[in-house]
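Enquirer: Summarising the annotation, TrEMBL assigns active site, proton acceptor to ASP104. According to TrEMBL, the ATP binding site annotation covers ASP6, ILE7, GLY8, ASN9, SER10, ASN11, ILE12, VAL13, THR126. Taken from TrEMBL, the feature substrate binding site covers GLY102, ALA103, ASP104, MET105, THR177. As annotated by TrEMBL, K(+) binding site applies to ASP123.
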Amino acid sequence: MVLLVDIGNSNIVFGFSDKKSISNTFRLKTFTDKTSDEYYLLIRTMLNSYEIEDVIISSVVPIVTSALKKVFQSYYNIEAKIIGPGIKTGVSLKVDDPKTVGADMICDCAGALEDYPEVILVDLGTATKYIYMKNATFLGCSIAPGVSISLKSLVSSAALLPNVELVTPKKAIGTNTIACIQSGVVLGAAAQVDGMIDRIMEEIHNPNIPVIATGGLSRLIVPLCKHSITQKDNLTLDGLLEIYKRNMAA
């Protein structure tokens with residue numbers, strides 16, 4: 001069994017694969033202050049339910065990468081593969097500085113390679129990312145504050161505004177403070193997604209390009225969008241698996 005690990009700023013997603021498909025996933029909050037031993041105590045019950053043979057990690061949080069890498073070294077005698085230099089991804093990076101492209105975005109592209117020669121990928125996580133890929137080449141992206149970050153920033157900066165749950169509002173025009181915030185944040189995020197897709201389609205002169213969405217908040221936002229968007233919950237893990245298979249075959 002191969003363990004796929006996607007370390008994000010807010011959550012870590014673990015996926016278990018028989019090297020052909022992903023059979024199960026679980027999610028854990030990202031802690032930047034925990035040691036490798038503390039992480040082991042958090043994940044051992046789930047990991048010990050499987051016979052882990054290999055591990056591959058995508059990460060945008062280096063300190064957590066180090067902690068989890070040590071977990072697999074110390075407790076499972078496995079040297080985890082890390083997405084970075086020396087790993088064959090199948091994705092070319094045509095940008096000003098390829099070293100600055102996040103591993104999560106590379107994995108998103110790798111997860112879409114087989115089915116989409118040209119695609120817009122919308123990753124709704126801690127940040128909201130709009131990625132343009134064509135012919136297995138990452139051609140650039142746009143990065144905006146994520147939905148949760150936007151809400152936290154709003155309520156922490158305004159003394160009289162309460163924190164609210166991120167849920168689908170009943171209407172755009174709210175009649176109380178909670179409904180007003182939910183409308184602005186949630187429907188505003190959906191409008192941003194639609195607007196950015198429009199701009200990218202116009203810029204690349206392709207109004208029919210397929211759009212895929214992934215990320216922890218995509219299930220909330222995508223149904224509220226006007227564009228036709230395909231939901232792929234495990235796109236990043238799918239990409240990790242494809243990258244793993246590519247490197248094992250090399």
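Note that Cβ sites are derived from N, Cα and C of the backbone, with glycine treated the same way.
Quick caveat, the model's predicted, so the values are computed rather than measured.
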Enquirer: Can you tell me how many other Cβ atoms are located within 10 Å of the Cβ belonging to GLY102 (substrate binding site)?
Expert: 19
Enquirer: How many angstrom lie between the most widely spaced Cα atoms of the substrate binders GLY102, ALA103, ASP104, MET105, THR177?
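Expert: The substrate-binding residues span at most 38 Å between Cα atoms.
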Enquirer: Quick check: which same-chain residues outside ASP6, ILE7, GLY8, ASN9, SER10, ASN11, ILE12, VAL13, THR126 lie with their CB within 8 A of the centre of the ATP site CB atoms?
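Expert: Everything else in range on the chain: THR30, VAL60, VAL61, GLY125, GLY216.
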Enquirer: Return the single residue from the binding-site residues list (SER10, THR126, THR177) that has the minimum number of other CB atoms within 10 Å.
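Expert: Relative to the other binding-site residues in SER10, THR126, THR177, THR177 has the fewest Cβ atoms within 10 Å.
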Enquirer: Based on Cα coordinates, which of the following recorded positions are within 10 Å of ASP6 (ATP binding site): ALA103, ASP104, MET105, THR177?
Expert: ALA103, ASP104
Enquirer: So which recorded positions are near GLY8 (ATP binding site), with CA atoms within 10 Å, out of ASP104, MET105, ASP123, THR177?
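Expert: Among ASP104, MET105, ASP123, THR177, the ones whose Cα sits within 10 Å of that of GLY8 (ATP binding site) are ASP104.
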Enquirer: Rounded to a whole angstrom, what is the C-alpha distance between GLY102 (substrate binding site) and ASP123 (K(+) binding site)?
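Expert: Taking the Cα atoms only, GLY102 (substrate binding site) lies 12 Å from ASP123 (K(+) binding site).
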Enquirer: Take the Cβ of ASP6 (ATP binding site) and count every other Cβ within 10 Å, whichever protein chain it belongs to.
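Expert: I get 27 for this one.
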Enquirer: Taking the Cβ of ILE12 (ATP binding site) as the centre, how many other Cβ atoms fall within a 10 Å radius?
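Expert: Here the count is 22.
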Enquirer: Measure from the Cβ of ASP123 (K(+) binding site) and count the other Cβ atoms within 10 Å, all protein chains considered.
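Expert: Around ASP123 (K(+) binding site), other Cβ atoms within 10 Å: 28.
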